[in-house]
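See structure below.
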Amino acid sequence: MDQYRADLHIHSRFSRATSKGLTPRHLAAWAGIKGLDVVATGDFTHPQWLEELREQLVPDSEGLLRLKDARGLEGEIPWLPDAHLPGHARFMLSAEISSIYKRGGKVRKVHNLVYVPTFEAAEKLNARLARVGNLASDGRPILGLDSRHLLEMVLETDPLAYLVPAHIWTPWFSLLGSKSGFDSVEECFGSLSEHIFALETGLSSDPEMNRLLSSLDRYRMVSNSDAHSGEKLGREANLFSGTLSYEGIYRALRGEGLGHEFLGTVEFFPEEGKYHLDGHLACGVVMDPHETRAKGGLCPVCGKPLTVGVLNRVMELADREQPVNPKGEPGFVSLIPLAEILSEIHGAGESTKKVRAHYARLAKRFGPELTILANIPLDDLAQDSPVLADAVGRMRRGEVFRQAGFDGQYGRIKVFSPEELARAVRGQALADRPAPGATRVRRGRTRADRAGEPGDPEPSGPESPGPESLGQDAAEPETSGGHATLPGAPPALNERQRHAAQSREQRLLVLAGPGTGKTHTLMARIRRLLEEGADPSELLVVTFTRRAAQELRERLGDVPVRAGTLHSFAYDCWSEAYGEKPVILSEEAARRLFAEVNPELAGPRLKQAWTQLTLDRERMRRRPLPVWPEKPRAPAEPGQPRPPRQDAPLPAGEDHAARYARQKASWNLADHTDLLEFWLEKIEAGVYDNRFRHVLVDEVQDLSPLQLAVIRSLAGGSRGFFGIGDPKQSVYGFRGASADVRRELEGFWPGLFTVSLEENYRSAQAVLDLAHGLFPRSKPLRAVGEKSCEIMEFTAPQGLREISWMAEKIRQLLGPTSATLAGARNRRGSAPALSPADIAVLVRFRGLMAPIAKVLTRFGVPCSVPEAEAFWADGRVKAILNAAGRFLGMADMEGALSLACPDRVLAKGPKEIAFYLRDVPPFEHLFWQGPEFGELCEAYVRHGGWAGLLSHVNEQSELELVGRRAEKVRVMTLHAAKGLEFEAVFLPALEDGILPFAGMGRLTGKLSPAETPPDEAEEERLLYVGLTRARTRLYLSHAEKRELYGRLLMLKPSRFLKKLDMENARRSHLVARTVRKEQQLGLI
């Protein structure tokens, strides 16, 4: 049975800190020199590398790849001119994914190796991963993707695709690493753990160390080089027998037999790995696990935490005193790279002419390196060099000197003492036994043996400590329970929260500043009402957004308390009144209809008239015009021709609003404000069955006078009212929200009782003090618990320089993504790393997002920006697609409306459907003219009919789900960030004209007399919202020049910055370089 060697973890030149000479031909050449039959491609996720692989490699008949043209490989390694390199090596498509995400309240950094059998499978997986992050920024992409979700994606890509956790013990980036890993495979991969069948030991451990954990008995322990250059190939490798094929490797690692067998590994001596022992490179401190425990895990020089090494971590998780090899477990052999042995013998560097000449001579005479190290008889080697033969013999017997690696510094394995080398140089014979002080690497060492191994004298290193742990943030109290009505145990409340939750006042307003436990207190109030016997169906909980309503419903569990937005309740009221759901105009559709019935309005006049109308209605400055029908129109029978709609006559003297209302009534349509006006009318007329005894309102400061009037009517009489919010965060005046909700409510109910929450569970005190500068007359918030904090103000000469500074800062916050970068970070010293989801970039308006996202992506930072909804997200488009799917025999789409449409109509495409369903609810005139239906028609043609279009929609929906699962840095507007919180917040473009916003006309240079600048007080509140999203890190920045909307703007720093107390902030100013040219003075 054929045997072959495989190195299945390498990188391309597109990964950081790799050789720029790495090409498929270069790898094939080194594979021949090293004696490898199979080499991983590495980095197939990188678009350029994948394209290069496609150009230079072709599939063999066994699921692997080979060079398209293997001639002239000798030229790839000029210093090995006589090497015989036939180029027989096979390539296996592989990639390494660096996942950074948060799980269990801890940032996890796990590297995983992924293998696929074909280029098509690689491209399929890449398409999904590209929705998560930028694949072109690094050969080993950094993705905010949970390892469990990555495994799920791999399994769905191809039946033979598989995942192997990489270097599982590396402290910073691995499955079981001490810094950011898990304690078991199951904890990381959950229910998918059964699909993991192999683990990579890494350079700092060997199979024997892993067999101290019974939980790892069922896994194959593989070893690979993780090479970043051709010379490092094969320093660790795997041995197989059977047919040389992709499936053969797959079956062998799964232990399925079928003629394929895993025969073990070629290993580094684990002490040579960079993280074998504990230590602190910056201080030159190296310790074994016992010493680390005695020192409390702290560096005795600087007092900061030591980097806990692999051996220590293995001992921490081990449940055996001695390694136990599972039945059928293959063995392994520990080798030293040939160049290192020759370097020791010659007393010269591995890349020197002397060492390379000797290496070339050995390669020409004996063949591949792994064969020389493991198989060539010592007598044969002695004919070339007795010293070399002795060195290889000692290595094979494990008689070596070991200086263990630690904290990112490689260890050293030597075979001779200095005295022995000196004798060898003088031509004297060496002893046949180990020299005094040499240590034999024994099989079956106990945990105590491992822990007690001494290191050689401590190396010196540069100054600067490693990462310094910060105190854990005090979290906002979680909603829990204990009473039968709500899940969990009763929540802990501070004094003011308890007062608000348990107050007997009929009408209560709670002023809850940012991070003071608003939702926590609201839930406690609901709990108190239920515990006192309130019927859940008599409680109405009003939220400002659908997202907040969903979160509240999740907290309520199965308790049937109604929670939702005012518009959703008004929608239900309309539906109950008429027995069918209303056809609701989107905001854009409503604006188009207004323009259609008022053709004399255009441009700025149209915008001003529409804005004024919407504000007047929300602020109740005009009497509502009835648009609701007395009874719904009966839809025509399916298959019958539809008569064309008749537009309502529009009297010449009627104003714009009346025309708009009349047309809606004629077409049986309603906008969102109509819903509230309709509901309010029914409540006030006594027609609405108001069964609610308690009305509770979240984010009460964002309600408009119309919405507050609905609340007043719902909570009238003897009913209870509980409102909670923060007037300092009222930022929806442009939608009609009241600037002073407390005054509005006291106007309704003069006896309104007020409670203020003043303890902040989110932010560091320095952040709160900074934000308080915007409202110095208000009572300051107090932070609960002490938190370390960083606040910075940065001035850039240009907008792009500002964004680049942000991107670099975010990369620092995310921490290193490789061992090389970790070493550099550890020497500098820094705070614990964050997850991408811990970070947000908040801007005043959407126009600032694109350049930020572009630069972050270029820097390899996974980020997300709000995207326009796909056309198939529209409920009516979804209903059409669902009907088309049923026509093709597909399953119904989740949540789609049922649509009665004959197959003969569906078969002719969207335009025939539009003719057939012209005015059948929920369709209406504007939908068929709108962008969503237009995109549907274009996509139908582009994809060649329903089958192609539905396939595309399903694929894109799946990719969208993948993107939503990923953890990314959020780039969003300040308005969208309301209600959210982040560990680190960036507030760029803090310039007059942007914040406070001066209006789009001023920024674009297209001033309009109709444009009214936003309310400056509201702009100030908007900045307050942004500042108070941050827990412990806050970064403010502005630029002296900025390109925006095709113009070069030179704006002053925001006037609001002068109000902020920057005593605790660091200031940084990047000055633009000025290039001066000397001028020759003429004589004339």
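Every residue, even glycine, has its Cβ placed from backbone N, Cα and C.
Curation plays no part in TrEMBL annotations; they are all automatic predictions.
Per TrEMBL, ATP binding site is recorded for A512, G513, P514, G515, T516, G517, K518, T519. Its Cβ taken as reference, T516 (ATP binding site) is surrounded by 26 other Cβ atoms within 10 Å in the chains shown. Under the three-state DSSP scheme, T516 (ATP binding site) falls in the coil class.
For 495-504, the entry in TrEMBL reads compositional bias 'Basic and acidic residues'. Secondary structure counts, DSSP: the compositional bias 'Basic and acidic residues' (495-504) has 8 helix, 0 strand, 2 coil.
Residues annotated as domain 'UvrD-like helicase ATP-binding' in TrEMBL: 491-764.
The domain 'UvrD-like helicase C-terminal' (760-1032) scores a mean pLDDT of 83 in the predicted structure. According to TrEMBL, the domain 'UvrD-like helicase C-terminal' annotation covers 760-1032.
Look at TrEMBL and you will find 427-504 (among others) tagged as region 'Disordered'.
Annotated region 'Disordered' per TrEMBL: 621-657 (among others), in sequence order.
Around P514 (ATP binding site), the same-chain residues at least 6 positions away in sequence with a Cβ under 8 Å from its Cβ are D726, Q729, N760, R762, S763, A771, L781, V1025, T1028, R1029. The Cβ of A512 (ATP binding site) lies under 8 Å from the Cβ of K518, T521, I724, G725, D726, S756, L757, each of which sits 6+ residues away along the same chain. The Cβ neighbour count for T519 (ATP binding site), using a 10 Å radius and every protein chain shown, is 19.
G513 (ATP binding site) counts 28 other C-beta atoms within 10 Å of its own C-beta, drawing on all protein chains shown. With every protein chain in view, the residue among the binding-site residues G515, G517 whose Cβ has the most Cβ partners within 10 Å turns out to be G517.
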